[in-house]
Each structure stands twice: as C-alpha cells, then as structure tokens.
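Asks: Pulled the feature table from Swiss-Prot, pasting it below:
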| type | residues | note |
| --- | --- | --- |
| BINDING | Gly123, Thr124, His125, Gly126, Lys127, Thr128, Thr129 | ATP binding site |
Amino acid sequence: MVENQKAMPQPEMRRIRRIHFVGIGGVGMCGIAEVLLNLGYEVSGSDLKASPVTERLESFGAQIFIGHRAENAAAADVLVVSSAVNTSNPEVATALERRIPVVPRAEMLAELMRYRHGIAVAGTHGKTTTTSLIASVFAAGGLDPTFVIGGRLNAAGTNAQLGTSRYLIAEADESDASFLHLQPLVAVVTNIDADHMATYDGDFNKLKKTFVEFLHNLPFYGLAVMCLDDPVVREILPLVKRPTVTYGFSEDADVRAINVRQQGMQTFFTVLRPDREPLDVSVNMPGNHNVLNSLATICIATDEGVSDEAIVQGLSGFQGVGRRFQVYGELPVDGGNVMLVDDYGHHPTEVAAVIKAVRGGWPERRLVMVYQPHRYSRTRDLYDDFVNVLADANVLLLMEVYPAGEEPIPGADSRKLCNSIRQRGQLDPIYIERGVDLAPLVKPLLRAGDILLCQGAGDIGGLAPKLLKSELFAGAVAASVEGKLK
C-alpha cells in the first residue's frame, strides 16, 4: 500500500465520508476500495468469506464484515455494488429504504477518474495485462500513476495503488456495459469478441455500438487507441469521431511490430512509429497477443511523452500479472521436471492465444492442460469454439463447469465437451468430477519436459499452488514473483 502520499487534490464528495462495498473481496471492488482508503475516506465492506484481499484491506483500516446483513450498511453514506449484487441483498435493501445512494462500481471509478487524466483500457481480451503494462511503463518514466487493475500486479503486490501524479489507469469493463460511466481522456480498445452477450440481448451489433458509445465519452481532444488487427475494431473505426491512433501487425497500422521473436517467456520485437526511429523492445511474456498489448502501451506512452528509454525499461522489467500465464514453478517427475503454469483465460480466443504462445516459446514440449470452463451460458454459446481450441492440447483434463451463480444448462457441460472433442479423433480428454483431488490423476500423465497449464476463471485458480505443495510432488521448485525459477 502507498502511504498517505500527496496526490492530485481529490475534490471532496460533498457529504460522503463512509463508503461501504457490498462484495468488497471482488477483484473489481477491492482496488477501488484501497484507493479510497488512501484518499482518506472511511471504507467498510462485506463479503461471504474472508480472503487475503479482505485481510489486506482490513490491515489498511477498512472495516470488514463476513456475511451480508442489513446492519452492515447502517452507517454508510453510499453503497458501492458490482453487477453480481441485486436489490434482494439485505444491505442494498436497507440502503434503498433509507435513501442511501447505491452506485455501481464503475460509477465510483468514474468519480475517481473525473478529476484526473484518465486512461481506460477496454476490450474483450487483454484488459488486465495492457492496463498493467501501461502502469509499469509510466512508473519507469517517473509518472507514478494511480492504477486500478483486475489482477494482481506482481511488481506492486496489489491490484491498485494511489500515485502522486495526475494519471489514473484503469480497466473499462464491458461485461455489464458499466464502462459507459467512464469519461477518460485516453481509451484503448484491444479487441471486440462475443462474450457476456446476455448484457447485449444476444445482439453483437448492440455490443459494437456500445463500444463506439464508450469511445464517444472521450472529449474532442482525447485519444482512442485501437487495435487494427482485430476485424471488429477495424469495422467500427470509421464510426469513431474522435482522434485515433491504431496499432497491430497490419501494415496500415500507425504503430506496428515487426521482427517478432520468442524465446521461452521472453518476446523480442521492433516497433515502427510515425516520425520515429525503429525501437527494439522485449517483454517478459510469451505470445503475439502480448506483443499487441505492448503496442497499445507504447502508443499511449509515446503520446504522453514517456521517453523511449523508459518504454524499453518498463516493458523489459515487467514482472507480470497474477494468473496471466503465471509460472508457479517446476514439478518433479521421473527423468526431470514439468513447468507449472496458471492462467485466467476462459474464452476460446484467450485459450487459443495461450496455446499458440506455448507452441511458439517451447515448440519441443508437450502441453498438458487442466481446463475448467467458466459459466454454463458461455460454454453453450461458444461450444464449437471450445471444442476446436481445446483439441489442440496434447493431453486434456476437463473439470466440470464453474457455474459462477448460473444454473446448469442441458448440453453445456464438461462431460459433453469431452465427448465432442473425443469424436474429433485427436485426443481422448479425461473428465474430472467436481471435488476430485487432481494431483493423483495428473501425475501419471506427466513426462519430463512437459508444460502443465491450469486454466480457467473459476476455482481452478487454486490448483497450481496446491500441486506445488502436494506430497506427490515433493521437491517441487517454486518460481520467484516474476516467474523465474529459484
């Protein structure tokens, strides 16, 4: 946590003194809560269970309640809620009854951004990594930004930090269309893909129009940074009536990458920018998708006057984000070791990008995947895409779908996914019942030199650390924060 530094003056929210977060342990909520704590507000919050996140906030002065009860919100001047919280929640019901304002998290983020130089990163994929890269490069350039990220920035040990400069860098969440609350000065659109379609009534055109509306929240002197490699971003570009800069591998992009070369975790490439000398950079993340994330960062850093030296330093020194191709360590097996990787990818596009990165960085190694689909609705809507991409693993174990509050949907489960993948004839997936200890199932499948990838947005996030500590893998070697083996 940043001590109570002198930051850009934050206009007082009139009578607001105590801010209560319903679901404060959520990744989108805790960061905003931490920044508000550092700004001097009283912060309280509730969640269903304690976690390292709630314990961290409590150590900084937040009052944490376990469980949702009406009295938790009694002293609040405003309630902050995520889209997962509805009016049946007793704290929300009490606030509404007492005429205490109830605002979505994005509206509170917009309030923080309103008086700062806001940089908002939107897109179906790559938001967290791109936001983190921008924060890293700005820090290397001495700009000390405030940031709110949807993942743990390894170098900072947190997903939010109050900086001393005018910059606020944050993710813009399209999943519930709440990014329309934001009014940044600079906005990034990394890509636009079919996800969270219930928010948009299943209408992809509505999703595209909402992204255009988000970009039109920019002032006339703002900047839209857009990935030209994404066909949908390219399609909406003529509709955006704001200054734009494009990036990608495409020859007609304003800022583009050439000479890409991957060596394990490191990716090297050359950046071409208008009226600039070519710039050779490297980033400690594999895959072309991370080259694109880096290009978005370079566009913004260049526009804000960050030196090339700081850009190179910020990218090369980037230590990654929690659960984004996070190397946990090495597991011992007969004849050698297996590299253990954890990743948050839960959309077929993200899964494909990670598999491609593994093939590019370690072409000689087998990929053993433990995958947990996230949400029955996503599994149903993108079923064929999941079948196609998961079939590219060498060995596949499929955990049952993580429901994320949804009821099961017939035909949208992991057992059926296994059958569909098996019918392709490429590999024979193994179905994993809910609650099964995976270590005894995984170990016999591993060979020396394999890469074991645990992937998904549900509780599979706890699998990699469990495997590292399992007695079946005694002698496992943990990686350092930046993913290097100790």
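Even glycines carry a Cβ here, placed using N, Cα and C.
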Asks: Starting from each candidate's C-beta and looking 10 angstroms out, tell me which of the binding-site residues Thr124, Thr128, Thr129 has the most other C-beta atoms.
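Replies: Compared across Thr124, Thr128, Thr129, the most Cβ atoms within 10 Å surround Thr129.
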Asks: Indicate whether Lys127 (ATP binding site) is helix, strand or coil by DSSP.
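Replies: Reduced to three states, the DSSP call for Lys127 (ATP binding site) is helix.
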Asks: Can you give me the same-chain residues 6 or more apart in sequence from Lys127 (ATP binding site) with a CB-CB distance under 8 Å?
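Replies: Listed in sequence order, they are Val121, Gly150, Glu171, Ala172, Asp173, Thr190.
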Asks: List the residues in the vicinity of the ATP site, defined as same-chain residues other than Gly123, Thr124, His125, Gly126, Lys127, Thr128, Thr129 with C-beta within 8 angstroms of the site's C-beta centre.
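Replies: Result: Val121, Thr130, Thr190, Asn191, Asn293.
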Asks: Using Cβ atoms only, which residues of the same chain lie under 8 Å from His125 (ATP binding site) while being at least 6 residues apart in sequence?
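Replies: Listed in sequence order, they are Thr190, Asn191, Asp193, His289, His347, Thr349, Glu350, Ala353.
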Asks: In sequence order, what residues of the same chain, 6+ apart, have a Cβ less than 8 Å from the Cβ of Gly126 (ATP binding site)?
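Replies: When sequence neighbours closer than 6 are ignored, Gly126 (ATP binding site) has Thr190, Asn191, His289, Leu292, Asn293, Ala296 within Cβ distance under 8 Å.
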Asks: Give the number of CB atoms, excluding that of Gly123 (ATP binding site) itself, located within 10 Å of its CB.
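Replies: That number is 24.
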